[in-house]
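Novice: Sharing a structure here in C-alpha cells format.
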Amino acid sequence: MAHSALSQVSVAVPLQTDSSFRRSTFKATSITFSDRSSWISMPPIDLKAAPSRNQHIVCMSVQQASKAKVSVSPLSLEDAKEPPLNIYKPKEPYTATIVSVERLVGPKAPGETCHIVIDHDGNLPYWEGQSYGVIPPGENPKKPGNPHNVRLYLIASTRYGDSFDGKTASLCVRRAVYYDPETGKEDPSKNGVCSNFLCDSKPGDKVKITGPSGKIMLLPEEIPNATHIMIGTGTGVAPFRGYLRRMFMESVPTKFNGLAWLFLGVANTDSLLYDDEFTKYLNDYPGNFRYDRALSREQKNNKGGKMYVQDKIEEYSDEIFKLLDEGAHIYFCGLKGMMPGIQDTLKRVAERRGESWEQKLSQLKKNKQWHVEVY
C-alpha cells in the first residue's frame, strides 16, 4: 500500500540581495518509517522567501505528517520515569550548534517568527512541554562583566527532535523589535537580544543552552484515549506542535487514541505557524484531531469585533465544558495578556450554565487538568 512518505527535507541556500532564493533541486535523505524505508526524489522547485532580516542562511523545511508513522530512536528516551530537569545550569551551560533557521510566516504577518533547529547531540534530553534556556553571546549591559540573562523558550519538537534521532530540539522564536512610539522608527538598542541572536544565527553557529526546565506543560500519557484541549497564541503553539507530532507523526510506544483539539490565535493567515502540518493531521486523523483558528485581523466574532481565541472558546463552550467534566486536560500557552480575556469568558460561560467558575477552576487544578504557561 502506497503512503505519502515525505517527512522533512531541508535545503540551505544563501540569500540574495533581493531576498529571493535560487532555483534548487534536491533529494531527500533516507527516512525510515515503522513499516518500510523510502527514498524520495523531488523535482526542481522555486522557493520564494518573504523579506527577512536574516541575511545569512535560511533552511526551508518541506514538512508533512504521514499516516505511515515515522520510526524514532533511541527508544531508551521512553524509559525515564521522571522528566529530566536542569541538566545544564546558567553557570555551566551546554554549547549546542545551530542546524537551521527557517522563517515561518508570510510577508503580511506583523513581525517575524522563526523555526530554529538546535543540535545537542543527545546530551540535553527533554520531554514534550519543557523549555530550554538560551544565553545569547555578549555582556549584560545592566551587569557589566556578566553574561546576558537566560531567556526561556518552550521546545517545539518531541524528545526525538525534527530528525527523529533524539539529537536535536526545535524552538519557535518571534523576533522582538522595538519601535519608538513617537517616531515610529526602530530602536535597535531596545530590541530583544536573545530573539534577534537566534533569528540572525546561521548553521554552525554555537549557542549556550540551559535546562531543560518545567513540569507544568508535560503531556500526561497514562490514558491513551484522553482528551487534550490546547489553546495557544502566536509562539505559544510551540509545545502543542511537540504534543501533536508525538500523537500523530511518530511511532512511539504510547499509542494515542483520544481527542486533541487545538485553538490557535494569530493576527492573519500569513501569521499561522505550522499550519500545513496541523492541516495534514486534520485530514489524516479526523476522528482524533480538531483544529480551530482565530485570526484577529481577518475574522469577526459574533458581536462584530475582532476574533480572538476566547471568542472561539465561547463558540464551543458547551462542548468544552462537557469535555472538562469528563476529565479532559486543558492547556494555555502564549503571552500573559491572553489569560484575562480567556478567564472572563470562561467565568461568563460558567455563570450562564449556573456554575461557579471559581469552584470549577479549583477542581480542575486539584485534578491536574489545568495547565498554564504564559510569558
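Residue numbers in this text run from 1 along the chain shown.
Here the Cβ of each residue, glycine as well, is placed from N, Cα and C on the backbone.
Values in this document were obtained by computation on a predicted structure and should not be read as measured data.
Pasting the feature list from Swiss-Prot:
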type    : residues                                                               : note
TRANSIT : 1-60                                                                   : transit peptide
DOMAIN  : 91-219                                                                 : domain 'FAD-binding FR-type'
BINDING : R151, L152, Y153, L154, C172, V173, R174, Y178, V193, C194, S195, T235 : FAD binding site
BINDING : R174, T235, V266, A267, S296, R297, K306, G334, L335, E373             : NADP(+) binding site
Novice: In the domain 'FAD-binding FR-type' (91-219), how many residues does DSSP call helix, how many strand, and how many coil?
Specialist: 11 helix, 47 strand, 71 coil
Novice: Between S195 (FAD binding site) and L335 (NADP(+) binding site), how far is it from one CA atom to the other, in Å?
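Specialist: Pair distance, Cα basis, whole Å: 15 Å.
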Novice: On a simple 10 Å Cβ count over all chains shown, which one of the binding-site residues C172, V193, V266, L335 is most densely packed?
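Specialist: Output for this query is V266.
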Novice: I'd like to know which of these binding-site residues, R151, R174, K306, is least surrounded, judged by other CB atoms within 10 A.
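Specialist: Looking at the binding-site residues R151, R174, K306, the Cβ with the fewest others within 10 Å is that of K306.
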Novice: Sorry to bug you, but what's the C-alpha spacing from L335 (NADP(+) binding site) to V193 (FAD binding site), rounded to the closest Å?
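Specialist: Distance between the two Cα atoms comes out at 18 Å.
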Novice: For K306 (NADP(+) binding site), which DSSP three-state class applies?
Specialist: strand
Novice: Where among the binding-site residues S195, S296 do you find the Cβ with the fewest other Cβ atoms within 10 Å?
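Specialist: Each of the binding-site residues S195, S296 was scored by Cβ atoms within 10 Å; lowest is S296.
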Novice: I need the CA-to-CA distance for K306 (NADP(+) binding site) versus R151 (FAD binding site), whole Å please.
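Specialist: That comes out at 31 Å between the alpha carbons.
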Novice: Sort V266 (NADP(+) binding site) into helix, strand or coil using the DSSP assignment.
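Specialist: The residue in question, V266 (NADP(+) binding site), is strand (DSSP, three-state).
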Novice: Just the number: how many Å between the Cα atoms of Y153 (FAD binding site) and L335 (NADP(+) binding site)?
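Specialist: Distance between the two Cα atoms comes out at 12 Å.
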Novice: At the Cα level, what's the spacing in Å between V266 (NADP(+) binding site) and R174 (FAD binding site), rounded?
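Specialist: Computed Cα spacing between V266 (NADP(+) binding site) and R174 (FAD binding site) is 12 Å.
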Novice: To what whole number does the mean pLDDT across the domain 'FAD-binding FR-type' (91-219) round?
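Specialist: In the predicted model, the domain 'FAD-binding FR-type' (91-219) has a mean pLDDT of 96.
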